[in-house]
Amino acid sequence: MLILNQLMILFLFGLAGHLLAIIVPLPALILAMLLLFISLLMGWIKKDKIEMVSSQLMAISGLFFIPMIVGIIEYWSDIRAVIIPFLLVVTFGTVGSLALTALILEWMIHRQDAKEAREVKLEKLERGKRSHGE
């Protein structure tokens, strides 16, 4: 029953994404993932409410590439004519995504380190005031 409840939550987000796609010009699945992400960030949905089914889906996520591979095989004669630009776009897109992800991660780590340093400094200041009787 737990897995069914977790699946229902994910399906409801999928439905919300499809409904939102009627008025927002973005793919429904992207909107559904954004809604789920925002709900997790805001604490409206707790991680443990979808964790079990999510980990199962991640374990079989490789299967989601099969339709794409079949599509490439089916349209290979068309793709072959533009293979060099296709590979360049895929390569630069992947490298660009990785670089942007690394930059954002560096920025987030720097922010977290700065926040922790401020908290430590503030804590030392407060301890110093207490020890001097202020």
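Glycine is treated like the rest: Cβ placed from N, Cα and C.
The transmembrane segment annotation in TrEMBL covers 7-23 (among others).
The annotation transmembrane segment is assigned in TrEMBL to 29-45 (among others). Within its own chain, the transmembrane segment (29-45) is flanked in space by residues 9-10, 13-14, 16-18, 20-21, which lie at least six positions past its ends and keep a Cβ under 8 Å from the stretch.
Marked as transmembrane segment by TrEMBL: 57-76 (among others).
The feature transmembrane segment is assigned by TrEMBL to 82-105 (among others). Same-chain residues lying 6+ beyond the ends of the transmembrane segment (82-105) with a Cβ under 8 Å from its Cβ atoms: none.
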